[in-house]
Amino acid sequence: MAERIDGKAMARAMLAETTAAVADLEARGISPALAVVLVGADPASEVYVGRKVRECEKAGIRSIEHRLAADTDEDALIALIDEMNVDGAIHGILIQLPLPAHINASRVLDRITPGKDVDGFHPVNVGRLSTGTGGLVPCTPLGIMKLLDSVIEDYRGLDAVVIGKSNIVGKPVAMLLLEREATVTVTHIETKGLPDIARKADIIVAAAGAPHLVRGYWVKEGAVVIDVGITRVTDHDGHTKIVGDCATHELEHARAVTPVPGGVGPMTIACLLANTVSAARATLESEPA
Ligand code: NAD
């Protein structure tokens, strides 16, 4: 029977470590702070922002919320980022996506100073990740690696198949797996013969947003499967539930799988807080002794 990797428990443990790290920084005169910017009132974004702010509070991280009207001008948002970039009391800046259509998201995200880019989306951080030279790593891929690390000690030579090639999950997780010297195949909607490719993998990271895409016959005996997908579906009785990318009930021959919910999701927030603490600690290290 496949082991269920408990993302909730791992996230709790990480949050405890973050809380201790915050206390340590406080003792050294730094109060880690995360600024969260929400433009408009997208209900899902409201939920995500609320969750991030609550978790910050639990860990002792100060959160500063900027809730802007849906018709906020792009230049006004850029001006706010410029202010936060030079504000020494703010260590992390998070712009909740998606932004309204009239705003050029990449111009906005590129404006965040790389040292405060706790989402790891700035081209400098993307470049650092692809050259293996540090920087802030996107939260979901970071969480995925921590989940994998709980069951895999040595990645060298393992075959990893990543399903999905987005900038926020698929590509960065592929880079992290490459750094560990796994042999990585990145696949997407146009990939031919995906079940056969997946069946050769020791590690599958499914980040397609396609409910129950990964079936039992796609997965070889003993593989480790990380299910990143989150799709909200309504069943016949009108109940809404969250479904992942894997038909988990068909994967008992795998070595380990992550549940949805309770796998990658909680780790994403835990990694956001950890990134905020890293960004705060880096300011301490860059100060003259
Ligand atoms: P995206 O839409 O940007 O990218 C999806 C990728 O999957 C694309 O590269 C596409 O080509 C590929 N794809 C789609 N359908 C496919 C199919 N049938 N076969 C093969 N490839 C297919 O999505 P994203 O932002 O990377 O998110 C992916 C999923 O992960 C979504 O369900 C999202 O909600 C979820 N997600 C979860 C977390 C978390 O914290 N748990 C964080 C980010 C994203």
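Here the Cβ of each residue, glycine as well, is placed from N, Cα and C on the backbone.
Residues annotated as domain 'Tetrahydrofolate dehydrogenase/cyclohydrolase catalytic' in TrEMBL: 5-119.
The average pLDDT the prediction assigns to the domain 'Tetrahydrofolate dehydrogenase/cyclohydrolase NAD(P)-binding' (138-282) is 97. Residues or ranges marked as domain 'Tetrahydrofolate dehydrogenase/cyclohydrolase NAD(P)-binding' in TrEMBL: 138-282.
Summarising the annotation, TrEMBL assigns NADP(+) binding site to Gly164, Lys165, Ser166, Ile189, Ile230. Cβ neighbours of Ile189 (NADP(+) binding site) (same chain, under 8 Å, six or more residues apart in sequence): Ala208.
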Residues satisfying Cβ distance under 8 Å from Gly164 (NADP(+) binding site), sequence separation of at least 6: Gly170, Thr187, His188, Val205, Ala206, Ala207, Ala208, Gly209, Val228
Intrachain C-beta neighbours of Ile230 (NADP(+) binding site), sequence separation six or more, cut-off 8 angstroms: Gly209, Ile242, Gly244, Val260, Pro261, Gly265
Helix, strand and coil totals (DSSP H, G, I; E, B; other) for the domain 'Tetrahydrofolate dehydrogenase/cyclohydrolase NAD(P)-binding' (138-282): 52 helix, 30 strand, 63 coil
Counts by DSSP class (helix H/G/I, strand E/B, coil) across the domain 'Tetrahydrofolate dehydrogenase/cyclohydrolase catalytic' (5-119): 61 helix, 18 strand, 36 coil
